[in-house]
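J.: One structure, as structure tokens, below. Some questions next.
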Amino acid sequence: MVMGLGLFLLVFLLGLGLTPPTLALDNPRYRDFLTKHYDATPQGRNDRYCESKMRKLGLTSPCKAINTFIHGNSRHIKAICRDENGNPYGENLRISKSPFQVTTCNLRGGSPRPPCRYRATAGFRNIVVACENDLPVHLDQSIFRP
């Protein structure tokens with residue numbers, strides 16, 4: 001009986017440790033944020049990267065004018081919504097304490113109709129996000145740091 005209770009307690013505690021990431025992925029706005037703005041290990045970070053990535057995400061019908069991809073560790077992005085890596089910024093926004101590697105894809109030409117051609121701008125920037133339940137749900141802007 002004691003062995004069974006100990007095993008149950010161990011499984012319960014392990015379950016608690018696994019719950020937060022699972023709950024985070026259950027948030028549809030956070031999942032949408034990651035889909036549209038997160039790419040851990042980009043290939044290229046050039047115009048071709050932008051055109052391929054935007055097409056894969058379905059952001060080319062109509063052509064989205066601008067989109068920024070954040071690269072690196074998603075835990076650091078989530079930490080912007082807490083004091084760990086973020087500060088209040090404006091009304092209901094948070095700015096990262098540290099810069100992130102990003103690629104911004106800007107639509108070339110004026111037409112929102114495909115084929116979409118993008119110009120890539122790669123760099124390190126502090127990012128501004130809107131948070132919901134300590135999770136980023138909207139990328140407001142990115143700020144170049146000198």
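Glycine is no exception: its Cβ is also placed from the backbone N, Cα and C atoms.
Under the heading active site, proton acceptor, Swiss-Prot lists H37. Per Swiss-Prot, the feature tRNA binding site maps to R45, C105, I127. Positions annotated as disulfide bond by Swiss-Prot, on the basis of similarity to another entry: C50-C105, C63-C116, C81-C131. Summarising the annotation, Swiss-Prot assigns motif 'Nucleolar localization signal' to 55-59 and lists similarity to another entry as the type of evidence. Positions annotated as signal peptide by Swiss-Prot: 1-24.
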J.: By DSSP, what is the split of the motif 'Nucleolar localization signal' (55-59) into helix, strand and coil residues?
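T.: The counts are 2 helix, 0 strand, 3 coil.
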J.: Rounded to the nearest angstrom, how far is the Cα of C81 (disulfide bond) from the Cα of H37 (active site, proton acceptor)?
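T.: That comes out at 16 Å between the alpha carbons.
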J.: Per DSSP, C116 (disulfide bond) is which: helix, strand or coil?
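T.: Reduced to three states, the DSSP call for C116 (disulfide bond) is coil.
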J.: Measuring CA to CA, name the entry from the disulfide-bonded residues C63, C81, C116, C131 that ends up nearest R45 (tRNA binding site).
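T.: Result for R45 (tRNA binding site): the nearest of the disulfide-bonded residues is C116.
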J.: Quick one: of the recorded positions C50, C63, C116, I127, which has its CA closest to the CA of C81 (disulfide bond)?
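T.: That would be I127, nearest by Cα distance.
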J.: Let me know the most crowded of the recorded positions, choosing from C50, C63, C105, I127, C131 and counting other Cβ atoms within 10 Å.
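T.: Per the Cβ count within 10 Å, the most buried is C50.
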J.: If one measures from the C-alpha of C105 (tRNA binding site) to the C-alpha of C50 (disulfide bond), what distance in angstrom results, rounded to a whole number?
T.: 6
J.: Cα of C63 (disulfide bond) to Cα of C50 (disulfide bond): how many Å, rounded?
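T.: C50 (disulfide bond) has its Cα 12 Å from the Cα of C63 (disulfide bond).
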J.: Kindly assign C63 (disulfide bond) to one of the three DSSP-derived states: helix, strand or coil.
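T.: The residue in question, C63 (disulfide bond), is strand (DSSP, three-state).
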